[in-house]
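Peer 1: This is the structure, below, for whatever I ask next.
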Amino acid sequence: MSRVYVGNLDPRVTERELEDEFRSFGVIRSVWVARRPPGYAFLDFEDSRDARDAIREVDGKNGWRVEQSHNRGGGGGRGGGRGGGDGGRGRGGSDLKCYECGESGHFARECRSRGGSGGRRRSRSRSRSPPRYRKSPTYGGRRSYSPRARSPPPPRRRSPSPRGRNYSRSPPPYRARDEVPYANGNGLKDVRRSRS
């Protein structure tokens, strides 16, 4: 499989239009049109000879720049196809050089040396975001446990109340002791006088 880079595209160009333009040269496996930023695309030809024919015939047509994009390391995946641009060296594509690797034929967002296509980075950021949401319930759970930790103080509040009851119960026995030995009111007065 051979990947072809197409630059200087009109932002309104669709994948179907590109496929119709290049279909006559051979079997196209996939077509990818950039949207952010627009203006370029990649086509995967099943046969590298078909890709070379397409580059020869279409390069310069409609103002397009058509170059071959080589996979680094001998064809390791779709993301790698966007990383190369060896064919662009001979064409002087200095205005389309990648800021990451210095090669022409692709942008920094599509450079393999940067860690793959931009889509992969977005997927990583999405994968990182769910753990943040997963952590929040744990914090919420800890907060929910804190009221349970505060629940023991109510028994402590109950403990003073029996003491208060003891104090309320204790005075009647003292009064009973004073009143029991002396049935008459005079006896109580005599005791108080004798104590005085």
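Note that Cβ sites are derived from N, Cα and C of the backbone, with glycine treated the same way.
Annotation source Swiss-Prot lists domain 'RRM' at 2-71, citing sequence analysis. Per Swiss-Prot, phosphoserine is recorded for SER48, SER136, SER144, SER146, SER151, SER159, SER170, SER196. The compositional bias 'Gly residues' annotation in Swiss-Prot covers 72-87. Summarising the annotation, Swiss-Prot assigns zinc finger to 96-113 and lists sequence analysis as the type of evidence. Per Swiss-Prot, compositional bias 'Basic residues' is recorded for 119-135.
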Peer 1: For the domain 'RRM' (2-71), how many residues does DSSP put in helix, in strand and in coil?
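Peer 2: So the domain 'RRM' (2-71) is made up of 25 helix, 27 strand, 18 coil.
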Peer 1: Do any residues at least six apart in sequence from SER48 (phosphoserine), in the same chain, have a Cβ closer than 8 Å to its Cβ, and if so which, in order?
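Peer 2: Residues satisfying the criterion: MET1, SER2.
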